[in-house]
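K.L.:
From TrEMBL, here are the annotated features:
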{"type": "TRANSMEM", "residues": "B:24-44", "note": "transmembrane segment"}
{"type": "TRANSMEM", "residues": "B:114-132", "note": "transmembrane segment"}
{"type": "TRANSMEM", "residues": "B:153-169", "note": "transmembrane segment"}
{"type": "TRANSMEM", "residues": "B:199-225", "note": "transmembrane segment"}
{"type": "TRANSMEM", "residues": "B:245-270", "note": "transmembrane segment"}
{"type": "TRANSMEM", "residues": "B:346-366", "note": "transmembrane segment"}
{"type": "TRANSMEM", "residues": "B:372-391", "note": "transmembrane segment"}
{"type": "TRANSMEM", "residues": "B:439-460", "note": "transmembrane segment"}
{"type": "TRANSMEM", "residues": "B:472-492", "note": "transmembrane segment"}
{"type": "TRANSMEM", "residues": "B:498-519", "note": "transmembrane segment"}
Amino acid sequence: MEKWSLMALTVLLALTVRWAVSLGSYSGAGKPPMYGDYEAQRHWQEITYNLPIRQWYFNTSDNNLQYWGLDYPPLTAYHSFVCAYIAKLINPDWVALHTSRGYESQPHKLFMRTTVFVADLLVYIPAVILYCFSLKETSAKKKVSSALCILLYPGLILIDHGHFQYNSVSLGLALWAVLCLSHDWDLLGSVAFCLALNYKQMELYHSLPFFCYLLGKCFKKGLKGKGLVLLAKLAGTVLVSFAACWLPFGTDVEQIMQVLRRLFPIDRGLFEDKVANIWCSLSVLIKIKNVISPRTQLKLSFAVTFLSLLPACIKLTVQPSLRGFKFALVSCALSFFLFSFQVHEKSILLVSVPVCLIINEIPFMATWFLLVSTFSLLPLLLKDELLLPYAATTPAFLAACLASFSILEKTSAEDLQLKAFSLSLKGYVSWFKSFPRIVRGLAYLLWKKYPQAPLPPWQLREDGKGLWSRNWKDIGGEHSSVSTLQQFLIKQQNFHLFLRI
Amino acid sequence: MRGAVPCRRGAGGARAMAAGGRGWFRALALGVSFLKCLLIPAYYSTDFEVHRNWLAITHNLPLSQWYYEATSEWTLDYPPFFAWFEYVLSHIAKYFDPQMLVVENLNYASRATIFFQRLSVIFTDTLFIYAVHECCRCINGKRAAKDILEKPTFILAVLLLWNFGLLIVDHIHFQYNGFLFGLMLLSVARVCQKRYLEGALLFAVLLHFKHIYIYVAPAYGVYLLRSYCFTANNADGSLKWRSFSFLHVTLLGLIVCLVSALSLGPFLVLGQLPQVISRLFPFKRGLCHAYWAPNFWALYNAMDKALTILGLKCNFLEGTKIPKASMTGGLVQEFQHTVLPSVTPLATLICTFIAILPSVFCLWFKPQGPRGFLQCLVLCALSSFMFGWHVHEKAILLAILPLSLLSIQRAKDAGIYLILATTGHFSLFPLLFTTPELPIKILLMLLFTVYSFSSLKSLFRREKPLLNWLETIYLIQLVPLEIFCEIIFPLTPWKRHFPFVPLLLTSVYCALGITYAWLKLYVSVLTERIPVRQKAE
């Protein structure tokens, strides 16, 4: 079959899965008084449509910041505004000031789902398709199968189309930026990345590799000639795109400061809920949150994050290469995820998407990581009653990866690109010879652990608060063992990726 | 002839295929099963309640009450084996939610009920998956296809497993067609593998699961008689009358009688057979279903309506004499014809019989082995779809699925398949009328259609194009039709006065395509030359 028809089938399949997932429940469905992310997005539409732009980020009588106040950068607010405009055309009740709070109905759900679907279709999917087509030294079939695996990655689908968020926009914009950089359109790439950053501040996780890669490129061209020109151009582009995004807020400094305060709340604590990062897993042993003061926590996490970022960034600046850039994206995002302050479990998506980019280079490790990252979202998904889509999409994704990369056959040290590493270690640790076997064994254990719901999910739904969810909350032991497993796996991944770059 | 059907590959060949093919087949089957799981929260039709009611009836009432119980309007109207199937399911269902097994709990649909019923469809589909696997084994296509995606068996597996119609009818609309078609395909595979008795047994069992399959019974009867009861042919391919085998006839008869006795025997003993039969064949319903299935009668009705309007315009007819119901189109069950004569059940029966006859004769006089059998099967299914009484649009699957088996063997059949499958599947669209399911049906349809076109095109890329320009234009026109029906029409003021227009348009437009495909298939079968290589064994 021709390449285009295979790609069309891939996209259609991805879209079908997305829409099928969106038929399910969403975050905070029917749970007053706070509801969930779905209501947050709807509320932002209400705020942005009804209030003047100067009040969006301020606590006023019409805008109670305690109730899902806007805490994303301006582009999200503009997006909400556009959606609200369409919503108003269909049914004014959906965005009416005050009265629409907690509005839920079948048509409204359909509308909200459609907005995510359209955003995904317009931003993320084309970026993935173009990225896969631009992969070098691969057959057409491999390109299509990479696209299939990336588009079927369950984590993003479940969070965006199940839980309800617009991550595909910011991640898609970041992908566009990567795509532009790989074609040497540096200015366009930095515009795309600025847009991503202005859509979601979490894109800061990716900012250092972009910065270091571009800086390294300037160094390479010579800081006195072409490099300086490029650097100036880049700086100008970034400034202009930021200015354009923040234009309506540029009227006075207090506006900007207030937005920034909303974007980076430091009083929220070291981590939230169950995040598969260092701080959360350490708290099984030491309750860091109680021992150290919040200020020190902030400094500590900042210092550790910075230290863990340093090697990758230095290497990328000194030797800027596209391949290194992709790996650095993974590594830096992981460092942020593992060590930084106030991490959400959803932030793992910022790591997963760069991992998707290298799935054709290290299929086994990437698939493994993507599965674990989805698994780490499980507590959140259970809360949203999304166990069923999780249980359906994850094995399907695994099947797709198995079929397209035959990952289980390529687990030798060379295939995992760990040859140099294992050789250097072999002298010291004799058991390292069996490394591939351990990797395989661990993967097997992990997959064994997936179908672990002891109770059928409907029992969970009957009384709203089924046994399952209670287990997760109350029985610390169980939770921490699962979370420790996740953390162990994720850390190990980080270690490997780290060594490679 | 490309990839003929001579079956029973050597054991070695089968094993090689299984070894090389296990991976992709498993991936396809698993993939579609997970997709089915994702569709669990989707819309379901009244058929969901129908099957819940049957679960309750068979679980609570004694056998003697099964076909008399009428608390719900959805009385048991499938043959006894299906009732027993529901009985078995009900014993699993009680662990999910015992409330769904109470007969009086009409329209009961707790989460557990939905989950159980949906899962029961998904799990019984395993039989379908197995049957597809068997069908793939008995088709040997081009030997050396380097690319797995261009292997005929791969294409066949996708066309069957990912069939759009089956997906939406079973897993969104809600029915148990999957395992029933599994039984049918399995029996076809067995017949093609020359394991006639098994095939006959499976088909007899299938008939007692759902009697709609009686439409294709002539093909089975004639083919089994011709190839199994007569053990040899003359050198020119004609029948050798002296080779008649009494043993074989007795065996076949025994199988059919035993299965029937097992199914209907208890009711015969209870003296309820007439009641069972009257439930199975309700001739009180109208000629067409509420939404006209795209067959000959849809065209007939449309013609009648057009003539009525024309008559009124030209004053041939008096407005007062026209029955009211005739102008409400597909909204009422009874359709009164104004100009053309009304159609009785007997008339449709005769039409169906006449339409089936040539294909059966062809099977008898021009034996072509399994290919001829399949052709006759498809023609029987299509002919009865064209002329049957109160045909459901879903019945088109009865023709599309077996035709998939033929489509990967010859370019000519592939062309017909593309027309039939696309129009037939499109005609299923009105089954799902809820807005959340609109994207999913369009996406799935596109997925299946793009796949079937591109795969069959690449399979027959050395031959002339599969479709001529007229057929291509006809199929492309489906896109504007869908846009008009789903998006433009609801925005126009006609929506309130003529709500039936989209259904009417869809039905009539698809009827054209299906009639065309039927005629084309008939012509190709009747004009086909007999290959002279038939040996007189």
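For all residues, glycine too, the Cβ spot is worked out from N, Cα and C.
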K.L.:
Between the transmembrane segment (B:472-492) and the transmembrane segment (B:199-225), are there three or more CB pairs that fall under 8 A, provided the residues in each pair are separated by 6 or more in sequence?
P.N.:
no
K.L.:
For the transmembrane segment (B:24-44), what are the same-chain contacts with Cβ under 8 Å, counting residues 6+ beyond its ends?
P.N.:
114-115, 118-119, 121-122, 125, 129, 132-133, 136, 148, 154, 157-158, 161-162, 167, 170-174, 432, 434, 436-437, 440
K.L.:
Sequence gap of 6 or more, Cβ distance under 8 Å, 3 or more pairs: do the transmembrane segment (B:346-366) and the transmembrane segment (B:245-270) meet that?
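P.N.:
No, the transmembrane segment (B:346-366) and the transmembrane segment (B:245-270) are not in contact.
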K.L.:
Thinking of Cβ pairs under 8 Å, which stretch from B:245-270, B:439-460, B:498-519 has the most of them with the transmembrane segment (B:153-169)?
P.N.:
B:439-460
K.L.:
Checking distant contacts: for the transmembrane segment (B:498-519), what same-chain residues at least six beyond its ends satisfy Cβ-Cβ under 8 A?
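P.N.:
Sequence-remote neighbours of the transmembrane segment (B:498-519) are 291-296, 298-299, 302, 328-331, 379, 382-383, 385-386, 396, 416, 419-420, 422-424, 426-427, 429-430, 471, 474-475, 477-478, 481, 484-486, 489.
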K.L.:
Same chain, outside the transmembrane segment (B:439-460) by at least 6, Cβ under 8 Å from its Cβ: which residues?
P.N.:
2, 39, 42, 149-150, 152, 155, 158-159, 162-164, 167-168, 172, 407-408, 411, 414, 417-418, 421-422, 425-426, 429, 432, 466, 482
